[in-house]
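Student: One structure follows; several queries about it will come next.
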Ligand code: SRM
Ligand SMILES: Cc1cc2nc3c(=O)[nH]c(=O)nc-3n(C[C@H](O)[C@H](O)[C@H](O)COP(=O)(O)OP(=O)(O)OC[C@H]3O[C@@H](n4cnc5c(N)ncnc54)[C@H](O)[C@@H]3O)c2cc1C
Ligand code: SF4
Ligand code: FES
């Protein structure tokens, strides 16, 4: 059977793959003509080209793959005509090839509206690798960019212009709102706000009248009389199916373009098929890759003699812009009579969510997510598979109230044939059986085995959930291992290191791991060693296992300078010490700021200056504030009974005592605390990892609060306790956390995952249900006694000081590339290049 | 270093072996360039790359953490943890950001030498 495929784009390639995989009896002779210079590549991730991906990285298969599989591939060789009577095609290079079946996979071209001036230099379209290469070259000399078209592709192009270094970027949309085909008015408004934060300016209801400039574009004139100065423009006003060949040989085409096909994807000539973006099915062009892949499967199935028809495809999509979550699924716009619509709008957070529910409240019909699209996969599946909705459907977008349980049914409820990866057409059943029968126990293995998740990648989180769910239901222990070098969880490793009495990273790796370590396990082991032994962290052998911030005992900042944060326990400081900070900052030219943690941060210190700065601070009685470590930060205090008319106890003294007790303590993540003198709570203790509030009878101890991106209030652990009891409980609480938490898990997240929650924790800490209380207190006391200011250790050791120079062979010289700018009478780091 | 050297190099004396922390890196000044030099003690190997991270153009690779991935030695930039092969400088992170230039390294008599392709001055060996 002789098959000729015209077009070697994403869909044409997929057809080759599918044909090879089908049981076709007759010997196959496949010939592919491609107009582009390279074999089919991943157009969906074209923008990754600007992040450094090369044409090779984007390639779907190398030319050798076609040869190895007996496919004749003619690149840079467009087909010029089709002779339907003779059943042959003729190409530009002069090949005439006969066919039994012909498949048109010619895709589409960018639609360029006939605006005067579109031919000028600096005006681009966004479709092929060559287009992007041209843009890259022009962008070097351009400063202001614009995009015509505010749809999915236009917004991607606008972000690309920003990434290319254009300072200002405008999006000009003819319709009154962005992404008019996917999202509604309110969603567009929210999206517009998000994009403007990124530095993209949006102009809606604007019609371009002319592109002006001599040879090269210098600006755009609009029909409303306004003008915009730009020196680079991308046109993304829609697509135009490549139907010219079909038209010339008399195949039926739609009134607005597209090759008309039936449910078998046959054109008006039954031996000619059309698939992908050039095909017009029931009046519809599918401008997405997943329906194109499905079409390829229908044709391959048909040619293998089996039956399958194409019956339309879901147009759900997610925008691929980092930092901007936008998705729409099912029927996003369905009207008020056919459905109930639930909307969540949070303008302060920039979140807009809309779901459309059938009038009987049983089915999810579609929706829109802007600002937070985490639930996209699950909502899409719920809609597509007609899953039952929770009793309060609004929980689907609000999250269930009063608990962290996921609303809706979760992956377990999905039917076996639920399509999880729509790009590759992989179902839940196929993914689960790759785990049960194929032995896949990682997302990568599943990707290799099933191809799921290798297209747009949007389904990867769901693949992971399915894998974990399947493994658990098989009774398999899902190992939460650290990385390729250690087959243990953090908790297991901590116990082993302790039992085996290991004290350096190399010993731990030699005894318990394999390979040479990495940036995940090194800081983790370093933190375990510090939590267990509390030795000076720059001890030889462990110094280079510390995270960069711990290695240089300071936080690295933009431009490569560091910040200096001395400890100011409880936020209390004498005028003398304030003066010293001022003098040091002045001498070393540092930016100063009062932090949110009641102390002072000095930014912009050269690596070379750090030891000298700390020497002066230490001489004045300061010590490290551990702002760089996964360790205790600050214990905030309110002024308390010493001054405040409501104060019940001396919160400042207690805060200082707590801060000095736990300073330098290494933990899985940083720790924060606060002490308030009464229930007015001026120190915000209930947002801390452990917080203390004075009561008439003593102190209330709260634990596991968190600020940060997912704020959570702390929970009451014990009420009306005295100071000594309070400290004993904190000792126990912290030791349990240090020993059992996963790496980089704050106490709030740790508690959320802890089986039994706060009641279990209270039992261990207050009622000593594990019988470990005494041991915990003793271990904590050892750590407290072993405390030493690590900056003091550096300042006093010439050997350690040597590590704080930028050039090993020019120790006096500072990094000459560091640059500052000035702002409000101080300096600031220069922006990223 | 086991690389076969076909190009001509000028060997630049960077520092002594003890100047570089075990399993860590330092930054070497060569004319107006900055080179990151790594003492991979665990493997008994030395590596050198450009010091500038191509991701956000930060002079930081020498302060990165070294390690291995499936046996290949690599370094992670301290800023956003992009990973680069120490063998050929290729970016190993999913969202590639460009590659590092690499240089051959020789150790002789306690001194570390970095091979600068084609340079003419400061010749050694
Ligand atoms: C300086 C400061 C902002 C300010 O100008 O006020 C600050 C600055 C930084 N914060 Fe913060 N945070 C500062 C108070 C806070 C607070 C408020 C507080 O402590 O009362 C919070 C929310 C409360 C909380 O942690 O629960 C806060 C939540 C974070 C988070 C998110 C933590 C989370 O659990 O989600 C990070 C990221 C992390 O740690 O992984 C972070 C990370 C950072 C880093 C270390 C980011 C970095 O790697 O460069 C910043 C470096 C500062 C430096 O170089 O010294 N910072 N940060 C504040 C220093 C307080 C201090 O004296 O130590
Ligand atoms: C920047 C960008 C981002 C995108 N993002 C997404 C996304 O996130 N999700 C999604 O689903 N879709 C996305 N798309 C759309 C997706 O890429 C297309 O739907 C898909 O590539 C269509 O495949 P195709 O094979 O039909 O067409 P194409 O990939 O365009 O391939 C057609 C090929 O045929 C060639 N050709 C045409 N005529 C001839 C001829 N006469 N002879 C020989 N060869 C010929 C063309 O040169 C072309 O190489 C995106 C597109 C772009 C440009
Ligand atoms: S909120 Fe973000 S930007 Fe501000 S200091 Fe904290 S980490 Fe840095
Ligand atoms: S600057 Fe190196 S990873 Fe971002």
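Every residue gets a Cβ built from N, Cα and C, even glycine.
Automatic, uncurated: that is what TrEMBL annotation is.
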Student: If I go by TrEMBL, the feature region 'Disordered' sits on one of A:794-813, A:814-833. Which?
Tutor: A:814-833
Student: List the residues in the vicinity of the [4Fe-4S] cluster site, defined as same-chain residues other than A:638, A:644, A:678, A:682 with C-beta within 8 angstroms of the site's C-beta centre.
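Tutor: Residues close to the [4Fe-4S] cluster site, other than A:638, A:644, A:678, A:682: A:639, A:640, A:646, A:647, A:651, A:676, A:677, A:680, A:681, A:683.
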Student: So, taking each listed stretch (A:316-382, A:557-619, A:629-765) in turn and counting its Cβ pairs to the domain 'FAD/NAD(P)-binding' (A:1-283) that are under 8 angstroms, which one gives the highest count?
Tutor: A:316-382
Student: Show which residues of the chain containing residue A:682 ([4Fe-4S] cluster binding site), separated from it by at least 6 in sequence, have their CB under 8 Å from its CB.
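Tutor: The list for residue A:682 ([4Fe-4S] cluster binding site) reads A:638, A:639, A:676, given in order along the sequence.
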Student: Which value does the mean pLDDT take for the domain 'NADH-rubredoxin oxidoreductase C-terminal' (A:316-382) in this predicted structure?
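Tutor: Here the mean pLDDT over the domain 'NADH-rubredoxin oxidoreductase C-terminal' (A:316-382) amounts to 84.
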Student: Pick the one among the binding-site residues A:638, A:678 whose Cβ has the fewest other Cβ atoms within 10 Å in this structure.
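Tutor: Lowest Cβ count within 10 Å among the binding-site residues (A:638, A:678) is A:678.
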Student: Might you list, by sequence position, any residue in that chain lying six or more from residue A:644 ([4Fe-4S] cluster binding site) with a Cβ less than 8 Å away from its Cβ?
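Tutor: Listed in sequence order: A:638, A:677, A:678.
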Student: Taking helix as H, G and I and strand as E and B in DSSP, count the residues of the domain 'Nitrite/Sulfite reductase ferredoxin-like' (A:557-619) in helix, strand and coil.
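Tutor: In the domain 'Nitrite/Sulfite reductase ferredoxin-like' (A:557-619), the DSSP-based counts are 32 helix, 14 strand, 17 coil.
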